[in-house]
Amino acid sequence: MKIYLVGGAVRDSLLNLPIKDKDFMVVGATPEQMQQLGYRQVGKDFPVFLHPKTQQEYALARTERKVGLGYGGFSCYASPDVTLEQDLLRRDLTINAIAQDEAGNLYDPYHGIADINARQLRHVSAAFAEDPLRVLRVARFAARFHDLGFEIAAETMALMQHMSQTEELTALTPERVWQEVDKSLGGPHPEVFFEVLRQCGALNILFPEIEALFGVPQPEKWHPEIDTGLHTMLVLAQASSLTEEKAVRFAALVHDLGKALSPKEHWPKHHGHGQKGLPVIKSLCERLRIPNEYRDLALLVSDQHQNVHQAFELRSETIIKLFDKADFWRKPERLEQLLLACIADMRGRTGFEHHAYPQGDYLSACFSAASSVDVKAIIAAGFQGAQIKQALNSKRIEVVEQVKLNWQQSQTKQTP
């Protein structure tokens, strides 16, 4: 019986990255032997055990055979006669197929160390094509290790393109697709994840709403990058540099889905695209079972980002209506999230990457003033029932109007 550290822990150690989780593989043992040593079995489909003290996972060496569609269509064979090389052969990428024994010796039968040094994401064997989830995993690794210079090997990209032309991707469950997307949204370069999916042809299958944005033009005056799909990737990249909140990043990704619905004869204009995108976002979120937190913010950003961009032109009444509709009174954090997404939208344009966004400061000042209106004072003044709400609304409009005047005066003073 031999124990090896495998997978991400070995890879990240070689890359001098912090190690989050450790996975171990056991060669030459039976489930009964593991249980006699105090390990507790938790795997249903194949033998995985928890260490009696550390609770880390130890899996018996195994091979896999394709028996059906999807990432779950495998039959596993675990036995003491399965070798280290056989187990590593079933893994996705060579950089994930390196093992380390208890003495610290490395075992690298598929040249993963060479690929780490060459910064290549390369599949271990042709069996890679049997698991459609690996298309998403490779896209996620490309995004995760983008700053380290990793690229997808040409033969691996060709295999991913072939896989995207089969029915395998459609067999993925919504939960597994979203799990990979969510992990990517939490990484440093989620835009690379979607760019890779587009490059291999998977974006059109898994996210046709996003694929539809590519090739849709925008006015060059406001969008030097012109293409809506490219703009969307730039916005997602900007959102990722502004915040680690995955809900904001998702909202940035889907804020312009309505532009794909604009009639071609109206191009490059997209009147009402924010509202047109709402049912598209709802459908996408329902299909992939995306959390309500993400969906609600995405709907808000799509619906209101044009208003936020035009904040200085809005009447005070309209600003209060925006605050009411978004329910900022009960959820003030959503204002900051909305503004972050709008800053990303503004900066996600070629040549605008470092521009200021005074609309954000202005709306924050408006909300701060409106929030300071004292309801108790209104009640003390004798207002009752529906009159309280009306008086509160009027007072909020009044204080926002004052903010508006102050802002205009400050801008006038700054103008030479």
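Cβ atoms here come from the backbone N, Cα and C positions, even for glycine.
Pulled from Swiss-Prot, these are the features on record:
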type	residues	note
BINDING	Gly8, Arg11, Arg91, Arg137, Arg140	CTP binding site
BINDING	Gly8, Arg11, Arg91, Arg137, Arg140	ATP binding site
BINDING	Asp21, Asp23	Mg(2+) binding site
DOMAIN	228-329	domain 'HD'
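Feature map: annotations from Swiss-Prot on the structure.
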residue : record           : Cβ contacts under 8 Å, 6 or more apart
Gly8    : CTP binding site : Ile19, Lys20, Asp21, Asp23, Asn96
Arg11   : CTP binding site : Ile95, Asn96, Ile98, Gly112, Ile116
Arg91   : CTP binding site : Gly7, Ala97, Val124
Arg137  : CTP binding site : Asp92, Glu180
Arg140  : CTP binding site : Glu180, Lys183, Ser184, Gly187, Phe193
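Most other Cβ atoms within 10 A: among the binding-site residues Asp21, Asp23, that distinction falls to Asp23. According to DSSP, Asp21 (Mg(2+) binding site) is assigned to coil rather than to any helix or strand.
Residues belonging to the domain 'HD' (228-329) score a mean pLDDT of 96 in the model. Taking the mean position of the Cβ atoms of Gly8, Arg11, Arg91, Arg137, Arg140 as the CTP site, the remaining residues of that chain whose Cβ falls within 8 Å of it are Gly7, Asp92, Leu93, Ile95, Asn96, Phe141. Taking every pair among Gly8, Arg11, Arg91, Arg137, Arg140, the residues recorded as binding ATP, the greatest CA to CA distance is 16 Å.
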